[in-house]
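Worksheet: the structure to be examined is printed underneath.
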């Protein structure tokens with residue numbers, strides 16, 4: 001069985017400002033760095049084999065901070081980058097809502113493209129690290145899309161907002177992925193249930 005813990009990156013200033021980040025390469029803020037340390041402190045008590053990360057700064061830095069506690073190889077994979085939001089990138093929520101009330105942004109990566117990319121990435125991880133325990137540091141919409149696909153569109157999961165630096169655990173056994181738990185955030189100071 002391959003076990004994967006999906007870690008959402010720590011907070012950025014754009015998260016606070018409710019700006020659409022997508023593929024825009026925004027760094028962690030001080031809170032995000034603290035969240036990454038708290039995550040590292042929490043996951044160090046479990047056995048891991050490797051860390052896979054999106055190459056975007058906010059995910060990569062989260063992975064590096066977590067790795068201060070684990071001392072593992074880190075592998076970057078483009079498959080786990082955030083969704084490309086096209087013309088909406090950098091736009092605050094209020095402006096996006098006014099301009100695009102249907103949440104469909106010009107030049108945006110489709111949900112099908114995103115899901116195919118992410119599931120392809122998971123397949124590569126499973127092939128490269130069979131029966132291993134893998135931390136994957138990625139992004140909110142990316143993790144949400146993976147969980148939605150694996151769950152078959154579970155309505156409760158679809159309505160859940162994944163908090164920064166939350167953990168979601170999935171495993172591959174009997175030729176399929178399944179969700180163990182998601183949006184775990186009790187390790188974060190000031191966590192939200």
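Residue numbering: from 1, along the chain as shown.
Placed from the backbone N, Cα and C atoms, the Cβ positions cover glycine too.
Under the three-state DSSP scheme, residue 9 (active site, tele-phosphohistidine intermediate) falls in the coil class. Taking all protein chains in view, 31 other C-beta atoms sit within 10 angstroms of the C-beta of residue 9 (active site, tele-phosphohistidine intermediate). Look at Swiss-Prot and you will find 9 tagged as active site, tele-phosphohistidine intermediate.
In sequence order, 21, 22, 23, 54, 56, 138, 139, 140, 141, 142 are the residues near residue 82 (active site, proton donor/acceptor), counting only same-chain partners six or more apart with C-beta under 8 A. Per Swiss-Prot, the feature active site, proton donor/acceptor maps to 82.
Here Swiss-Prot flags 8, 15, 21, 58, 139 as substrate binding site. In sequence order, 137, 138, 139, 140, 143, 162, 163, 164, 165, 166, 168 are the residues of the chain that are 6 or more apart from residue 8 (substrate binding site) and have a CB within less than 8 Å of its CB.
Residues within less than 8 Å, Cβ to Cβ, of residue 15 (substrate binding site) and separated from it by at least 6 positions along the same chain comprise 21, 32, 164.
Proximity of residue 58 (substrate binding site) to non-local residues of its own chain (separation of 6 or more, Cβ distance below 8 Å) is seen for 9, 10, 12, 21, 25, 26, 27, 28, 32, 139, given in sequence order.
Those same-chain residues not listed among 8, 15, 21, 58, 139 yet with C-beta within 8 angstroms of the centroid of the substrate site C-beta atoms are 9, 11, 12, 14, 26, 56, 59, 82, 140, 164. Between the farthest pair of Cα atoms in the substrate binding residues (8, 15, 21, 58, 139), the distance is 14 Å.
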